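J.: Pasting in a structure now, in structure tokens, and then I'll have a few things to ask.
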Amino acid sequence: MSFAREASRAVRTTFVLWLLTAILYPLVMIAFGQLVFPYQANGSLIKNAQGTVVGSALIGQPFTSDRYFNSRPSTTSYSTADPQKDDAGILKTGVSGASNLAPSNSALLDRIQGKSDPDPSQAIAGDLPRLEQAGIKPTADLLYTSGSSLDPHITVEGARNQVTRVAAARNLQPIQLEPLIAQNTEGRFLGIFGEPGVNVLKLNLALDALQPA
Amino acid sequence: MFQGWLQIALTIALFVALAPTFGGYMARVYLGHKTLLDPVLVPVERILYSLTGTETKEEMTGWKYARAILYSNVAMALLIFFLIMNQGWLPLNPTGLGAPTWDTALHTTISFITNTNQQHYSGETTLSYGSQMLGLGYHMFTSAATGLAVGIAFIRGLTGRPLGNFYVDLIRSITRILLPISIVGAVALILLGVPETLAGPVVVPTLENPALSQAIARGPVAHFEIIKQLGENGGGFFAINSAHPFENPNPATNLIQIVGMVVIPSAFIYTYGVFANSRRQAWLIYSMVLAIYLLFVTLTAIGEYQGNPAVNSLLGSVQPNLEGKEVRFGWAQSALFATTTTGTMCGAVNSLHDSFMPLGGFVLLSNLFLQIIWGGQGTGTAYLFAYLILAVFVTGLMVGRTPEFLGRKIEKREVVLASFLILLVHPIAILIPGAISLAFPETLSGISNPGFHGLSQVIYEYASAAANNGSGFEGLADSQPASTGLWWNLSTCFSLLCGRYIPIIALLLLADSLSRKQPVPMTVGTLRTDTFLFTGVTAGVVLILGALTFFPVLALGPIAEAFQIAKGG
């Protein structure tokens, strides 16, 4: 067969399969998602009583104060930025990322236990001293950064260890917070696959509902 | 801990149980037998054949099959390169992104056409919805279908049949295997929370501090995600791939993703058994791969479960290594996913390989070196048989008989092609560019983790490219605008192309020459290849030939790092 015939068949196949797999298939799936499961298809967005979006049920947010259950450390601060000075354009697209620190990299230990330095801009506060100062018994999930930097969960133990602190800051009894943790724990699939995690944003929204901030 | 092992075991049991049914189905598809979907698909395929000008009766020789692959792949690559370079004015660009640098676009095109999906860019910030949906999503189907076509042509040749017609195999792989499963899978993923929308990102003030805003990236993810896994593509819609809660929101989607990436290469071994009419041999080979896979999963999981001793001493207890891992997956699902994704050449990640303990790093690199612990779409099974041919040759030498496989004599041409494939291409595509990068640590290598781990980062990147895997030790500064980005983009293109097209041509020529041989009758003197003994020898050949070449880099990388950590930094 001549070169021209072989080439023309390659080009025709390229376009026909493109129409099928890159245009027809996605459009059908998008239409299906928008019509049948619009909540999931648009990002599982959580709305407040006024109907404004406050976040996504699947994406974590940064929490560091004592009034809220703290989330895991994040390399992108959960894709957040100050809208006034967002030079990196984070709010334009949203970002995700990880530390990619090897277990043998001393920077990992510096980040966890902190590092003093005569030059204050070189010093690292460290997550372990921060947790200890706050009176939270550290767990692995609260020290290690997540894979996506958007992890919506902390472990159940990590949440329990924060109960006393949050209760004290809000003048609540610790016993009032325990059920909130249980309600916002997302369990294993079929009771078998994956690990249970407490959805921090949902938990903190429930906390605010219990006692407006 | 027991619970973690249980979920690993059940996931593996699930895809092993699927192998006979699904492998049998694939055999029916490629043998042209009747299947359940015929009433719908036969008319659709007739339209596709006539639009593409495919003559279904036409048989191709090895060379012709290879040429058809090359021509079609070039045409597809040009289309996608054009789409990416012009995404700035093309539709479906809600975040208003401009064109990436030419080398990023080139690397991305080659990376996706070769079924690798190595990503030297961040999905959210570099590529428009259009580039992802119309470009990369397209390659996910065609490159996976090309791999399946090569795999099946190889099996046909091995079992004495004509090789078939590339365009028929390409189209049938899509209409009968990839597309139907993708549609069902995408529906399941949407239901479980994966977005599927053309709307842009949402920006919301955060709960704790309203002065701080969060941008939630979205997109048409679900349909892309399922073919990313099923086709062993692995190129994430978002930078952080299957660790991103919108790509892989919960353990249910994670289960779909793990089974999705391994189900085709695992069942394909059974498909071979149907073609060769020797299910016994298929199960023996299957068990061999499964045994190595189980060992690898166990090693990775132990490393992650025991965690990082330096951090454990700060915590005062033994806790899993959760650096770069999501709480919902934990150590067990992360270790299982990582071992499976590197073994199957999928390359998606639900946790960051760079932060794995050295035991895991050792396994992940070994998977990339061996290329058959399930292996790539179609091509992985073909590699497995190339190893088998070498094992036949070696055992033939040991007992002093003419080596035969499935009643066909293995002669000089076959041994040359198989050993070229296994022993030469892969090491050249990995070690030579790796050595060049390491020789210029300041200007080229872009290492982010110091010490032994840095060597692993460089070797991993080329191994991932040459094995058409696509995962990475992602700390490496391999993308623009890093100063080392240009070098990495161009040098990995060499490994990507070498690792894809040279083996494809060699496999097709090998299949061609086997299919033309006169079958020799089986006698008492024939060395049987469907025995435990022979399978054991094959395992030895795999480990010696496949791994020994790379042992020095394993020793200098993960093994040395393990000693360094054990000694306390």
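Using N, Cα and C of the backbone, Cβ positions are placed for all residues, glycine too.
What TrEMBL records for this protein is below:
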type: TRANSMEM; residues: B:6-27; note: transmembrane segment
type: TRANSMEM; residues: B:68-85; note: transmembrane segment
type: TRANSMEM; residues: B:136-156; note: transmembrane segment
type: TRANSMEM; residues: B:177-194; note: transmembrane segment
type: TRANSMEM; residues: B:255-275; note: transmembrane segment
type: TRANSMEM; residues: B:282-302; note: transmembrane segment
type: TRANSMEM; residues: B:380-399; note: transmembrane segment
type: TRANSMEM; residues: B:420-440; note: transmembrane segment
type: TRANSMEM; residues: B:486-511; note: transmembrane segment
type: TRANSMEM; residues: B:532-554; note: transmembrane segment
J.: Mind checking which residues reach the transmembrane segment (B:532-554)? Cβ under 8 Å, same chain, six or more beyond either end.
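T.: Here the qualifying positions are 284-285, 287-288, 291-292, 362, 365-366, 369-372, 387-388, 390-391, 394-395, 422-423, 426-427, 430-431, 434, 455-456, 459.
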J.: Do at least three C-beta pairs under 8 angstroms join the transmembrane segment (B:6-27) to the transmembrane segment (B:136-156), pairs 6 or more apart in sequence?
T.: no
J.: Can you work out whether the transmembrane segment (B:486-511) touches the transmembrane segment (B:136-156), with the criterion being 3+ CB pairs under 8 Å where the paired residues are 6 or more apart along the chain?
T.: yes
J.: List, by number or range, the same-chain residues at least 6 past the transmembrane segment (B:255-275) whose CB is under 8 A from its CB atoms?
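T.: Result: 11, 14-16, 18-20, 22-24, 26-27, 30-31, 148, 151-152, 155-156, 158-159, 161, 177, 181, 185, 188-189, 192, 225-226, 229-230, 232, 234, 242, 248, 281-283, 285-286, 289, 333, 336-337, 340-341, 343-344, 346, 348, 350, 374-378, 380-381, 384-385.
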J.: Taking B:68-85, B:282-302, B:380-399, B:420-440 as candidates, which has the most Cβ pairs under 8 Å with the transmembrane segment (B:136-156)?
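T.: When the Cβ pairs under 8 Å are tallied, B:68-85 comes out ahead.
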J.: Please indicate, using numbers and ranges, the residues of the same chain that are 6 or more beyond the transmembrane segment (B:282-302) and have a C-beta under 8 Å from a C-beta there.
T.: 4-5, 8, 12, 16, 19, 266, 269-270, 272-274, 276, 331-332, 335-336, 338-340, 343, 356, 359-360, 362-364, 366-367, 370, 372-374, 384, 388, 530-532, 535, 538-539, 542
J.: What residues elsewhere in the chain lie close to the transmembrane segment (B:177-194), defined as a C-beta under 8 angstroms and at least 6 residues from its ends?
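T.: Residues 26, 29, 37, 141, 144-145, 148, 221-223, 225-227, 229-231, 246-250, 252-253, 256, 260, 264.
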